Amino acid sequence: MQTRLNQNLLEAIDRIEKARIATDRRRIVQLVAVSKYSSKEEIATLYTCGQRAFGENKVQDLQQKASALETLPLEWHFIGALQSNKINALLHWNPYLLQSLHSLELAQALQLRLERENKNLKALMQVNSAKEESKSGFMPEVVLEMYARIQEECRNIKLCGLMSIGAHTEERAVIQKSFETTQNLFAQIKDAEILSMGMSGDFELAIACGSNCVRLGSTLFK
Ligand SMILES: *Cc1c(COP(=O)(O)O)cnc(C)c1O
């Protein structure tokens, strides 16, 4: 397993580097290993290969894996649709970054709990860049306004950028357009640092569109 995962990781890093260098030599692209379909053993193995950031999309899975791997210094990213009744459970594990802040209601509910516990949480605002019904996130036309409003009203949420999932299609031009929509919004936000776009099937295109954080699952754990 170690050899296989190490090989996958090296291949992914190599492809990220090629895409990055082709667009912007000075940009650093972070790799989040999406472990939602993987076991704690696989995560521990990827850790020994040097990977530190892992992403989960269900609070229960994050809970189980984070507690089983508590002795390892892992950086947990939450990338799924967070329900209000799971907020306490998520905060208990001090996630490094909530990548999927998808609504004002969620932001307000988070703010209440954070304030009560005197904690801060770094988060990315999720953009529904292709306006797909199947996806959560803010519609592109309200992103700037809502970003400013959450910064203003939810002081314990530290917004540091945007996250988006590429359009669900085989058409490269349509995926590209969805990435560019998010890229344009990102460029208009002062002090935003993280632009999280790109999964196993489209991360090179995402990097070409300015992504500095890719979330890879299947290509790493295959
Ligand atoms: C599952 C998931 C990924 C990783 O997807 P792969 O195609 O397996 O790389 C990335 N981001 C989010 C939000 C996901 O849910």
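Quick reminder: no glycine exception, Cβ is built from N, Cα and C everywhere.
According to TrEMBL, the feature coiled coil maps to 104-134.
Taken from TrEMBL, the feature domain 'Alanine racemase N-terminal' covers 29-221.
If you look up TrEMBL, you'll see Lys36 marked as N6-(pyridoxal phosphate)lysine. The secondary structure of Lys36 (N6-(pyridoxal phosphate)lysine), as reduced to three states from DSSP, is coil rather than helix or strand. The number of other CB atoms found within 10 A of the CB of Lys36 (N6-(pyridoxal phosphate)lysine), across every protein chain shown, is 17.
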(request) Would you kindly list the residues that approach the coiled coil (104-134) from elsewhere in its chain, counting only those six or more residues past its ends and only Cβ-Cβ distances under 8 Å? (result) 82, 84, 87-88, 91, 94-98, 140, 143, 146-147, 149-150, 153-168, 174, 177-179, 181-182, 185, 194, 196
